[in-house]
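To start, the structure itself, in structure tokens.
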Amino acid sequence: AEPSDLKDEL
Amino acid sequence: MNIFRLAGDMTHLASVLVLLLKIHTIKSCAGISLKTQELFAIVFASRYLDIFTDFISLYNTLMKLIFLGSSFSIVWYIRRHKLVRRSYDKDQDTFRHYFLLLPCFILALLINEKFTFKEVMWTFSLYLEAVAILPQLVLLQRTKNIDNLTGQYVFLLGAYRGLYILNWIYRYFTEPHYVHWIPWISGLVQTLLYADFFYYYFESWKNNKKLQLPA
């Protein structure tokens, strides 16, 4: 996973 | 997506539905803070700037649309709807919510993962969401008779935040390179703000009494 893939959260 | 994340999203969705139910069917927003609702609308508007540029999943896009649409329609209802606005506790809902915007924005400019427009706005939305419940909590303290729907609404919002923390813990142990200090700390602060409310919510539930927060 990419270090900044929190964007899949709401 | 793990079970904590899904449960968190569902409680968030349920909280919005409870609030819309109260406003739409009972035509009342008594005990609901317009200030908090306005902050939530700003939170979603600044967080979901990527809605038309980055496609993640149908679920993700739909939920974003729901949260954007519901938050703005709730604000519209309280401000503009003939009956609903009459039930608004304007004199009690006095928190100076505008004063939260600038500090959150400055903090987002200073502390972020990447200094780009979208990233700063995303970080701003995290900081703002962490404190957006404050006007609502202050209003609850001032409300003599907290009705069940209002209590459930705030409870579901708090539960949503708690479940997101469990989701982060789960992801931390199951995904590589999963470290995100900014959302974690602001999310933790946000959840802690509900601690006091949770205490009195469970007390009233245990003793089968009406919910009331000490002033």
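The first residue you see is number 1, and the count goes up from there.
Heads up, the Cβ atoms here are built off N, Cα and C, so glycines get one too.
Some features that TrEMBL has for this protein:
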type	residues	note
SIGNAL	B:1-31	signal peptide
TRANSMEM	B:55-78	transmembrane segment
TRANSMEM	B:98-115	transmembrane segment
TRANSMEM	B:121-140	transmembrane segment
TRANSMEM	B:152-170	transmembrane segment
TRANSMEM	B:182-202	transmembrane segment
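Sequence-distant contacts of the transmembrane segment (B:182-202) (same chain, six or more residues past either end, CB-CB distance under 8 Å): 111-113, 123, 126-127, 129-131, 133-134, 137, 140, 151, 154-155, 157-158, 161-162, 164-165, 168, 211-214. Tertiary neighbourhood of the transmembrane segment (B:55-78): same-chain residues 1, 9, 12-13, 16, 19-20, 23-24, 29, 32, 34, 37-38, 40-41, 43-45, 48, 84-85, 88, selected by CB-CB distance under 8 Å and a gap of 6+ residues from either end.
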